[in-house]
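S.K.: Quick one: structure below, then a few questions.
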Amino acid sequence: MQESGLKPILWTNKELILLDQRVLPGTTSYLKAKTLEDCIFAIREMVVRGAPAIAITGAFGIALYLNGLSSQPTFSQLKTKLDELLESRPTAVNLRLVIEEFFSRFPEADYSSANLEKMQKSAEEFALFMLEEDLENNLTLSKNALSLFPKSPSSLNIITHCNTGALATAGHGTALGVIRSLRDAGHSLTVFADETRPYLQGARLTAWELKEEGIPSYLITDNMAGWVMSSRKIHAVIVGADRIASNGDTANKIGTYPLAIIAKHHGVPFYVAATSKSMDFRIPDGSHIPIEMRKENEVTSFGFLKDATGKPLLNEGVLAPNGIKALNPSFDVTPASLISGIITERGIISPVTEENLRKTFS
């Protein structure tokens, strides 16, 4: 199965090079991250975004932090730094799992027996493993998804939301990876990509990936989804996930929940594509998922994308009256009852129940 040629994360000469997704599609530029603080900035300001890509960037951030030291930090110093990393974006579970995995290698009880050189080597090896593992998992889950669609080449209309492609992962993608794999399997696709307000990941990133791949597509505003489903034959809605609770409730980019409701009304299968890294069996349901609240100006203007000096990256554009208050939750939670199936590298979970999830990931 062919993977995407897009590479948003590169590790070269002990430096992390990130495709700056804030300036796509108009400009292709890269940010060099030389420190953990650079990685935190890149995650918080969405130079890099998408739960898998955030986690991988965090893993390399740990390596950069340790590589920049001449003596081993105390456990308290290390924990403080990694807590700062975790706080950069709290909703996706993937970043937390990276930090917990690193601490499992150097637990507090045995920390005195560790040494800096060993920690540096382990951190870099772990980050590189994460990069490779995510790509393999994306390719596998995309292959698994083919069983949900006709075996013979068919014309398929699919709606997707936000950006879940190579830009959001180590490569290939989750939901958009499924779409790529359907194309590679010979299906004739038309993709309807939600623009995904307010950050416009669908318009700026997914539409760009689809165009680069030559996959026929339409960009639609988020509030057009109902019209599209009522006037066109839609075969599936496929989205990604930032965190999946024990019962299957799924946190994903804001706007996913109403899309699932519309799909349910029209009898359109609604699939979540995610790797096992998005599962969080420590929480019973979606009410326990923390929802990141972002700045109001992301809703009220197009001037919210700024570089490290505060200079706008895009032309300023005011959308609302000065002083108007705005809500800006970055995610919402889709109840498991609205999800037809969860596509993973371990297989497809359907119906979506805690029993089936635990059976798959035990």
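Placed from the backbone N, Cα and C atoms, the Cβ positions cover glycine too.
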S.K.: Pick from Arg89, Arg180, Arg282: which one does Swiss-Prot list with Arg49, Gly50, Ala51, Gln201, Asn252, Lys253 for the same substrate site?
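M.R.: Answer, per Swiss-Prot (substrate site with Arg49, Gly50, Ala51, Gln201, Asn252, Lys253), from Arg89, Arg180, Arg282: Arg89.
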S.K.: Taking the centroid of the Cβ atoms of Arg49, Gly50, Ala51, Arg89, Gln201, Asn252, Lys253 as the substrate site, which other residues of that chain lie with their Cβ within 8 Å of it, listed in sequence order?
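M.R.: Sorted by sequence, the hits are Ile54, Ala92, Cys162, Asn163, Ala168, Gly240, Asp242, Ser330, Phe331.
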S.K.: DSSP three-state call for Asn252 (substrate binding site): helix, strand or coil?
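M.R.: For Asn252 (substrate binding site) - judged by DSSP and reduced to three states - the answer is strand.
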S.K.: Compile a sequence-ordered list of residues in the same chain as Arg49 (substrate binding site), six or more apart from it, whose Cβ lies below 8 A from its Cβ; state 'none' when nothing qualifies.
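M.R.: In sequence order, the residues whose Cβ lies under 8 Å from that of Arg49 (substrate binding site) (at least 6 apart) are Gln21, Ile43, Asn163, Leu167, Ala168, Gln201.
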S.K.: Sequence order is fine: just name those binding-site residues in Gly50, Ala51, Arg89 with a Cα within 10 angstroms of Asp242 (active site, proton donor).
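M.R.: Among Gly50, Ala51, Arg89, the ones whose Cα sits within 10 Å of that of Asp242 (active site, proton donor) are Gly50, Ala51.
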S.K.: Cα-Cα separation of Cys162 (site 'Transition state stabilizer') and Arg89 (substrate binding site), in Å?
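M.R.: That comes out at 17 Å between the alpha carbons.
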S.K.: Within the chain of Lys253 (substrate binding site), which residues six or more apart in sequence place their C-beta under 8 angstroms from its C-beta?
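M.R.: Once residues fewer than 6 apart are set aside, Lys253 (substrate binding site) is near His161, Cys162, Thr196, Gln201, Val239, Gly240, Asp242, Ser330, Phe331, Asp332.
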